[in-house]
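Over in TrEMBL, the protein carries these features:
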type	residues	note
BINDING	9, 11, 93, 208	divalent metal cation 1 binding site
BINDING	132, 160	divalent metal cation 2 binding site
Ligand SMILES: [Zn+2]
């Protein structure tokens, strides 16, 4: 069965879903929505993989260390082993975050080191990167350009919750990257120009649940089912039918992450 929509960046393994995790996942799957549960550290990567193996179809995982979790060590061999599990479809979320981690030389250096190691891991395992970047696009793009030979020729990865400029987007597109958008586009208008600028074959849907629920559910816990709201808003911004957006973004996700 082919999915109707794919939430490429969600965290149903987080504690916020401890009371009803399976119900949340099942109501998404029942609505034809597949999901990728994104790891943020060792434990959350392991739980994401555990969840993926529990469901026969439609639930995938990533393994990696989030840049704000940098006080935890990036143990290359440990993550390599994790990432070799069949349902791990990307490395990350990894990248740079100078917003939540106050600019501090040693911390920046630590983030860069962990990101570099995860670029290497993605290269070794021929998997795409799931990138998190906040207020650090100049450094991030520089690092990706330097590592260009280690990025996959086609579809090296996705910048999730993209908040960079149009110029940043262009540079990342030149490197082959795609972009996922979530709840924020349903209540903040500053993304419209950017979304119109990026070609539709580089756009994906995400919820980043439990965070940033779309306008209709604002303030509540977010969940993969609500990805439908993101597709609706994208259709509005791009002046296209919902079905066209659903089909295009689903195709993109299947292609980039090799979902089957
Ligand atoms: Zn996330």
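Each residue, glycine too, has its Cβ placed from N, Cα and C.
Curation does not apply to TrEMBL; its annotations are automatic.
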Cβ neighbours of residue 132 (divalent metal cation 2 binding site) where a neighbour is any other Cβ within 10 Å: 25
Among 9, 11 [binding-site residues], residue with fewest other Cβ within 10 Å: 11
Rounded distance in angstrom between the Cα atoms of residue 93 (divalent metal cation 1 binding site) and residue 132 (divalent metal cation 2 binding site): 6
Cβ-based neighbourhood (8 Å from the centroid) of the divalent metal cation 1 site, residues 9, 11, 93, 208 excluded: 10, 38, 40, 130, 132, 160, 161, 206, 207, 209, 211
Which same-chain residues, if any, lie at least 6 apart from residue 160 (divalent metal cation 2 binding site) yet have Cβ under 8 Å of it: 8, 9, 38, 93, 130, 131, 132, 179, 180, 182, 206, 208
